[in-house]
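Single-structure report; data block below.
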Amino acid sequence: MAKRDYLKITDTTLAEAHRVLRLAARLKEEPKGRRTTMLAGRAIAVVLEKASTRTRVSFEVGIAQLGAQPVVLSTQGSQLARGEPIRDTARVLARYCDAIAFRTSSTARLLEMAEASVPVINALSDDGHPVQVLSDIFTIQEALAASGDRTGIAGRRVAFLGDCASNMARSWLEAAQLFDFHLVLAGPEGYMPPADEVERARKTGHVTITHDPREGAAGADVVNTDVWASMGHEAEAEKRRAAFAGWTVDAKVMARAAQHSIVLHCLPAHRGEEIDDETLEGPRSRVWDQAENRLHVQKALMLWLLGVELA
């Protein structure tokens, strides 16, 4: 079987993505902490060039639960800190491990890692966070099913409020085209994805752009947000707080969303900035389900990439 990577949402077909999501649902039904032998005898590397809580823990726990050996490397804990070329690291890891999950700020470095002869998963890069967005889609469909609606995300209205130039927003833009839902990108001027990415999505009728938070949330089935200053933008924090003044997802914003709407945030949250406590902890929030679902979706994705089927 030719090796497959998961570097962006569109690295699967729609049918393949739904297959991964169905597998994740089956894995979630297993008792918490149950270990299997599906990947017994294998090792999966998790290489972290950026600080991480949820990504590291969800991959490390998930790999162990599948019966494989997690090998976690940070930049400072490896020869990467001394300038070893990423392609050399990739070639060596591929001799030891069966797959690599890579969290980096550089898409160029991600593509170099993907030269490895084993599957490579984008665990975050500067222009995408596909494992998070795929997990979020799982969370949305799970919430819909819990309310008795099993029609899925297709045709839904998903709003992303905040920094629409972020890796999260850009993966949502790709996801809208693959999963056939309507994405509303709502953010201040100057904080939008590259024009060519927006134009591609607009041609398929899958995106609306607005610079008004309440207009962005209007009629939305899902209201999604993220931090205003991501890792790497700390020096711009004060500038961004000023630019995003009035963009907090709160009761006033949510009053414009559909009555059945849910709220997502990939965490960590800066409470009182992009989202307030009342909304984050309120009945519409699916944030904690969303965090858990990273574990199940990533396990399913690893099984799929390695060609392992559930019995």
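Here the Cβ of each residue, glycine as well, is placed from N, Cα and C on the backbone.
Marked as carbamoyl phosphate binding site by Swiss-Prot: S52, T53, R54, T55, Q79, R103, H129, P130, V131, Q132, C266, L267, R294. Cβ contacts within 10 Å of R294 (carbamoyl phosphate binding site), excluding its own Cβ and spanning all protein chains shown: 26. Following the DSSP three-state reduction, the secondary structure of R294 (carbamoyl phosphate binding site) is helix.
Listed in sequence order, L124, S125, D126, D127, G128, H129, S230 are the same-chain residues six or more apart from N167 (L-ornithine binding site) with CB atoms under 8 A from its CB. Sequence annotations record features per position, and here Swiss-Prot assigns L-ornithine binding site to N167, D226, S230, M231 based on sequence analysis.
Looking at S52, Q79, S230, the binding-site residues in this record, the fewest other C-beta atoms within 10 angstroms of the C-beta turn up around Q79.
For the pair V131 (carbamoyl phosphate binding site) and D226 (L-ornithine binding site), the Cα-Cα distance reads 15 Å. Cβ neighbour count for R54 (carbamoyl phosphate binding site) (all protein chains, 10 Å cutoff from its Cβ): 17.
Annotation for the binding-site residues V131, C266: lowest Cβ count within 10 Å of the residue's own Cβ, C266. The distance from the Cα of C266 (carbamoyl phosphate binding site) to the Cα of D226 (L-ornithine binding site) comes to 7 Å.
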